[in-house]
């Protein structure tokens, strides 16, 4: 089977004495929704940026494929990385919209990878492309704001506009980097529900970084947990308990729990054995 995302033995060092990513391997199937869980500084954003081809890993250390095509290998970007990036939608924590431009123009940026270069430079869009952008905004519930400046939208609305951009891009993979970190609870719920809806209806693979365990358990059937750049857990979100998280993270578990999950272990005696669980307590 061709995986939507495949990471093999990826390492990244920003300093000689510390690895931001340490021999990370993971596979995500088409149509899967996976939470990338970890405390601040665990390597979540760094991993997502590697998958998107924004940065490269250490020389001679690993490879990344999206839909069977290389993004990077042994610390070098693939020659066709621009085409592969066209299949990847990226949702940033700070929305990455141009505030002075209309919302619809920000959304239509998602089409630029597949239009002639002169049109992408001049940002000239055809009528059917504009209609596609309006349809995408309708799907995320903010089509009434299409011709307003992006800066006039609330944080939650801006994040939904960013998700609409991935829809017009027709991305088969969505990477979302802490998409709810700066949002209020209701906006957070809407954004996560929207990502789940896109995952289910479009069969898009979604990898979303989070630091809230309760959100990961509510929206993502599978969790990949990082600590100090290492994968310390890969398995069903339903199998995670506060006790297990404290075993994996120690005092860092408090940042993940945030009193949002009852501080008690769920008995595993009655819980069916997870189909796939990888734990690395040595890395923790």
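Each residue, glycine too, has its Cβ placed from N, Cα and C.
The ATP binding site annotation in Swiss-Prot covers 38, 39, 40, 41, 42, 43, 44, 45. Taking a C-beta cut-off of under 8 Å and a sequence gap of six or more, residue 41 (ATP binding site) has no contacts in its own chain. DSSP assigns residue 41 (ATP binding site) to coil in the three-state reduction, outside any helix or strand.
Under the heading domain 'ABC transporter', Swiss-Prot lists 5-253.
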Listed in sequence order, residues not in 38, 39, 40, 41, 42, 43, 44, 45 with Cβ within 8 Å of the centre of the ATP site Cβ atoms: 46, 209, 211, 226
